[in-house]
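These features come from Swiss-Prot:
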- 75, 76, 77, 113, 114: substrate binding site (BINDING)
- 128: active site (ACT_SITE)
């Protein structure tokens with residue numbers, strides 16, 4: 001079983017020392033969902049939201065969140081991201097929005113937390129913009145889809161049934 005890397009022998013939280021690690025290309029993809037009533041989703045799709053373009057705002061929020069992950073998650077390293085993508089897709093057949101994010105860099109530590117943070121904040125932004133018309137929207141699941149690069153190797157979520 002793997003050890004927790006952010007806990008020292010005394011059980012105290014600490015930031016991992018990555019100074020001896022090799023720089024490699026690292027990439028991570030994550031997803032989040034926001035489920036809502038069909039009327040709320042139609043308002044977003046049709047561009048009838050009084051606050052403006054929900055998808056554009058959520059996309060920018062997700063990008064900003066990826067860049068600020070180190071400031072939100074206490075033991076994350078500040079990273080020089082080379083790419084952040086936030087894609088939003090309405091899924092009317094499920095009354096939801098699917099958010100997929102991608103983060104990439106060449107560095108000494110992975111970008112999983114950045115991809116997850118981008119997806120989470122984009123979802124929260126959709127909720128924030130639409131809460132005036134629907135307060136019982138559901139955010140989730142939020143999950144890592146894939147990661148590549150680094151010592152721990154590659155990971156890809158199993159295909160959904």
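Including glycine, each Cβ sits where the backbone N, Cα and C put it.
It should be emphasised that the depicted structure is a prediction, and the values quoted were computed from it without experimental measurement.
Look at the residue listed as 'active site': DSSP puts it in a helix. Counting other CB atoms no more than 10 Å from each candidate's CB, the binding-site residues 75, 76 peak at 76. The highest number of surrounding Cβ atoms within 10 Å, among the recorded positions 114, 128, is found at 114. Taking each Cβ in turn and tallying the other Cβ atoms within 10 Å, the top scorer among the binding-site residues 77, 113 is 113.
If you compare every pair of Cα atoms in 75, 76, 77, 113, 114, the residues listed for substrate, the longest distance is 12 angstrom.
DSSP classifies residue 76 (substrate binding site) as coil under the three-state reduction.
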